[in-house]
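Novice: Below are the structure tokens for one structure; questions will follow.
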């Protein structure tokens, strides 16, 4: 039970950090946010063309950003059906894209929604693989790795705050 509570706490911290990164663009004030209201409903269209060239960097960043979400969701809900694990990932991504559009603080892009969800699914797959490889210790391993990464992220946030004072 303690392990599950720890995983929940890590997930809450991770989700808040993800919201800060995606929605608030790592800004510490609303004045620093861009005023942009744009929506792209064509997958892999505008979001990957930069200066007339194909740029897949953002696509892979979105994918990578949501992999831990899938790992943590599977660690908490490994007994739920796959759809029940994917749904919170999809809905979180949809929430982030909707908030960006409603408050005109970023471009809402269906490619982001697709890649975020795919990253979460990949994370679920990684967690399922870990569960097969380390059946007795995989959740402990997930928590240890996430605590390490969360500590590094917290340190980065402290450095960013100190640099912006």
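Positions of Cβ are set from backbone N, Cα and C atoms, glycine also.
What TrEMBL records for this protein is below:
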type	residues	note
TRANSMEM	12-33	transmembrane segment
DOMAIN	12-130	domain 'VanZ-like'
TRANSMEM	59-77	transmembrane segment
TRANSMEM	89-107	transmembrane segment
TRANSMEM	113-134	transmembrane segment
TRANSMEM	141-163	transmembrane segment
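For the listed features, I'd like the structural context: burial, neighbours, distances.
Specialist: For the transmembrane segment (141-163), the residues of the chain that approach it from at least six positions outside its boundaries are 3, 6-7, 10, 13-14, 17, 26, 28, 68, 71-72, 75, 127, 130, 134, judged by C-beta separation under 8 angstroms.
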Novice: I need to check the long-range neighbours of the transmembrane segment (89-107): which residues 6 or more away from its ends have a CB within less than 8 Å of a CB in the stretch?
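Specialist: Residues 15, 18-19, 22-25, 33-40, 47, 66, 69-70, 73, 113, 116-117, 120-121 contact the transmembrane segment (89-107) from elsewhere in the chain.
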Novice: Restricting to the same chain and to residues at least six past its boundaries, which positions have a Cβ under 8 Å from a Cβ of the transmembrane segment (113-134)?
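Specialist: Residues packing against the transmembrane segment (113-134) from afar: 43, 59-60, 62-75, 78, 82, 85-86, 89-90, 92-94, 96-97, 141-142.
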Novice: How many helix, strand and coil residues does the domain 'VanZ-like' (12-130) contain under DSSP?
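Specialist: Summed by class, the stretch gives 80 helix, 14 strand, 25 coil.
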